[in-house]
Amino acid sequence: MSEGPIKAPVIAVVGPSGVGKDSVMAALAARDPRLRLQRRVITRPEEAGGEVFTGVTPETFARMAAAGAFALHWQAHGLSYGIPVEIYDLRRGARAVLVNLSRAVLGVAQGLFGDLIVLSLTADSDVLADRLAGRGREDAGDRARRLQRASAPLPEGLRRVIEVDNSGPLATTVETVLTRLQPESV
Ligand SMILES: Nc1ncnc2c1ncn2[C@@H]1O[C@H](COP(=O)(O)OP(=O)(O)OP(=O)(O)O)[C@@H](O)[C@H]1O
Ligand SMILES: O=P(O)(O)OC[C@H]1O[C@H](OP(=O)(O)O)[C@H](O)[C@@H]1O
């Protein structure tokens with residue numbers, strides 16, 4: 001694994017709502033600080049908790065997007081999500097940059113970032129439902145809508161996809177991910 005390559009890979013962490021993207025990302029960064037977390041801009045109240053993100057109004061988000069503040073942005077779950085252009089700087093000196101993306105934007109992300117690794121997390125459907133309910137961030141309607149997207153497919157043509165089941169203990173998932181990242185010099 002190289003130290004601080006000029007432009008570290010971007011690891012797009014994807015999967016159904018509740019699968020554990022933010023939890024796995026935080027645990028990976030805690031294990032290896034060279035795995036940097038890219039903070040997102042979301043039109044969601046910051047007090048919603050979960051990941052560390054910047055909450056803005058839809059009007060502010062639109063102004064930021066128009067001003068070129070995002071490397072990429074998308075809509076999902078009635079929210080807007082943006083990845084700030086700072087991600088290009090974060091890649092310098094990192095082992096890799098972890099970012100929570102929608103499965104729908106992976107083709108764009110691969111074109112933008114070049115060296116993109118997709119970490120596709122999965123979990124059993126009953127586990128997803130239990131975790132969303134336990135997290136308590138969304139109401140029943142939003143949880144149902146999110147669960148409907150659980151099986152959204154990954155786009156064709158992705159160069160590197162690592163699929164890991166996060167139905168079991170988080171620590172086990174983290175070890176599996178770190179092992180699967182090893183051979184390809186990340
Ligand atoms: N391996 C695990 N075992 C048990 N609980 C987990 C595990 N991974 C995540 N969780 C819990 O499941 C809930 C959902 O996790 P998290 O918010 O990280 O998912 P997510 O994929 O980021 O969801 P979203 O996409 O909706 O933000 C949280 O309460 C988290 O603590
Ligand atoms: O189902 P798909 O399109 O893969 O992802 C939909 C949304 O869910 C996740 O965000 P959140 O943290 O759950 O709000 C993703 O980052 C994306 O924004």
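For all residues, glycine too, the Cβ spot is worked out from N, Cα and C.
Per TrEMBL, the features are as follows:
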BINDING   G15, P16, S17, G18, V19, G20, K21, D22  ATP binding site
DOMAIN    7-185  domain 'Guanylate kinase/L-type calcium channel beta subunit'
In the chain carrying K21 (ATP binding site), residues 6 or more apart in sequence that have Cβ under 8 angstroms from it
V13, V14, G15, N100, L121
Select, from G15, S17, G18, V19, G20, each of the binding-site residues with a Cβ positioned under 6 A from at least one atom of ligand 2; if none does, say none.
S17
Binding-site residues whose CB lies under 6 angstroms from ligand 1, from P16, S17, V19, K21:
S17, V19, K21
Within the same chain, and leaving aside G15, P16, S17, G18, V19, G20, K21, D22, name every residue whose CB is within 8 angstroms of the centroid of the CB atoms belonging to the recorded ATP site, in sequence order.
L121, A123, L128, R131, N166
Just how many other Cβ atoms lie inside 10 Å of the Cβ on G18 (ATP binding site)?
24
Could you pull the average pLDDT for the domain 'Guanylate kinase/L-type calcium channel beta subunit' (7-185)?
94
